[in-house]
Amino acid sequence: MRLLRRRHMPLRLAMVGCAFVLFLFLLHRDVSSREEATEKPWLKSLVSRKDHVLDLMLEAMNNLRDSMPKLQIRAPEAQQTLFSINQSCLPGFYTPAELKPFWERPPQDPNAPGADGKAFQKSKWTPLETQEKEEGYKKHCFNAFASDRISLQRSLGPDTRPPECVDQKFRRCPPLATTSVIIVFHNEAWSTLLRTVYSVLHTTPAILLKEIILVDDASTEEHLKEKLEQYVKQLQVVRVVRQEERKGLITARLLGASVAQAEVLTFLDAHCECFHGWLEPLLARIAEDKTVVVSPDIVTIDLNTFEFAKPVQRGRVHSRGNFDWSLTFGWETLPPHEKQRRKDETYPIKSPTFAGGLFSISKSYFEHIGTYDNQMEIWGGENVEMSFRVWQCGGQLEIIPCSVVGHVFRTKSPHTFPKGTSVIARNQVRLAEVWMDSYKKIFYRRNLQAAKMAQEKSFGDISERLQLREQLHCHNFSWYLHNVYPEMFVPDLTPTFYGAIKNLGTNQCLDVGENNRGGKPLIMYSCHGLGGNQYFEYTTQRDLRHNIAKQLCLHVSKGALGLGSCHFTGKNSQVPKDEEWELAQDQLIRNSGSGTCLTSQDKKPAMAPCNPSDPHQLWLFV
């Protein structure tokens, strides 16, 4: 049978050839025929018949073509990709010689103050030294005396990262992009600012470092003016740009980004030190996916001794970014599913939010995603806003554990803010109105200042940001909670009661006291109407929550009133009787487990046998 098919093959080819020649002849004649048909109506029917014949012939030719043996497999069609692949890059991996730092460190004295990242130590102080130290703390909120005596180019000792980080190789294709390092400062100490700069120069491969841009947010200190300009000229790739008016971190970073020339923007604070191999893992992840915003593993530089908390070879317990319903950024340990997903320290950590001080991002993606909200003022809320925006609009936030950068964490800011701290509330309202949908109500219940701004619409024009959300086809906030941060407890959108709990006997309000994260006694305090320590919710599950940040519940244990972590978490959980409360019409607040009622007798909240005639047991949500 196969032999017979092969013998007939030439005949089929000849038939196809003849049919094709006849088709060309008729097609040539067709042009003149159509022109004549328009003038001679009697020819129209013949032309239409010829069209039908041509259709039949074409169909026959297609059938013959399809019935012929497939002698050659076609090459697969090229698939479109989101980003073009660089065809000029070399195969293999970057060598240590290629990743040589921009500058080699000068010889180090191992006995120098703070050498190898060790703590600054001093046992004897003169009166002048003590005065200098105290003035440094007052001015910078860290030990500037110690910083000033540590080398600007100090080494941090050997590379102590886990072996998989030290041995990590980076592919040449796609190539690692160049980066512009942007450092914003305002009246920063000379030593911490310059140590940050030198740290970048000594740890960053020359082929990857395009420039270091120092953005001055209207500093008033003389050493940060002409002296700084002259000093950085010797550093080749360092330049200073300035905001003449104090506009804050957000605007300053936008200024730095606008003049940056590299493919990737890397933002650092002005009191950092970079560890071995900090940049390459960040750039490698962006080379894999330009929609990923990556942060280093941020470790502590002690604000008193400037000791650098070095990574350890066995790895450490990692944290990721979170937020609470007052829209404050925080840290939390990794959930089990994230620990299981990561095989070793080279695997990135998915993070619902990021600190926002230290990160790298593709410049083109930064612009695509909407940079920063340029109507936000000074500082505050911009990191949470960007976190929501990146995730909801198709990007990702990741922490790269093999990238380690130290940061001086201060307990308070040494700087004053134009317009006061109300700018933070205004920034938070802007992010809530654009990204949080109906969940913004949860925030407004906890921040009455923000709620008032929202009601009065005194937070500026957000039309451009809403248009950006629409243009990028971003997900809603419910999607974010379900897919990015399912561990987040979502309070009732409409709790049964909320606000301050006022006692009719004392005219004071129930208050959790300062810094009560659970375990401390509650107090009675003058009602201030600002929420905060006096904010409570009576939920549909019948628990009484103080949940500005942590979810804390009132409970009764051994007859005593207490405040602790809530047992109801929304999934496969229930409210225990000692946390369940009944708000009766007689204004008593009765605990279901003990059967006793909340009282303010002796101006201290406690439990007592229920007595509706006692005004100290009568409460009202206000």
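Glycine too: its Cβ is placed from the backbone N, Cα and C atoms.
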- Note on the structure: Answer for the disulfide partner of CYS393 (Swiss-Prot, candidates CYS402, CYS474) is CYS474
- Determine which of HIS186, HIS368, HIS407 appears in Swiss-Prot for the same Mn(2+) site as ASP269, HIS271. HIS407
- Among CYS18, CYS402, CYS509, CYS527, Swiss-Prot lists the disulphide partner of CYS165 as CYS402
- Within the region 'Catalytic subdomain B' (348-410), residues counted as helix, strand or coil by DSSP: 17 helix, 21 strand, 25 coil
- Message: Give the mean pLDDT for the topological domain 'Lumenal' (29-622) on the 0 to 100 scale.
- Response: 90
- Task: Tell me whether CYS553 (disulfide bond) sits in a helix, a strand or coil according to DSSP.
- Result: strand
- Message: Is it possible to list how many residues within the domain 'Ricin B-type lectin' (506-622) are helical, extended or coil according to DSSP?
- Response: 12 helix, 43 strand, 62 coil
- Note on the structure: For CYS165 (disulfide bond), the same-chain residues 6+ apart in sequence with C-beta under 8 angstroms from its C-beta are GLY277, PRO281, PRO311, GLU345, THR346, PRO401, CYS402
- Once DSSP output is merged into helix, strand and coil, CYS165 (disulfide bond) belongs to helix
- Task: Please tell me which one of the disulfide-bonded residues listed here (CYS393, CYS474, CYS553, CYS566, CYS610) sits closest to CYS509 (disulfide bond), measuring Cα to Cα?
- Result: CYS553
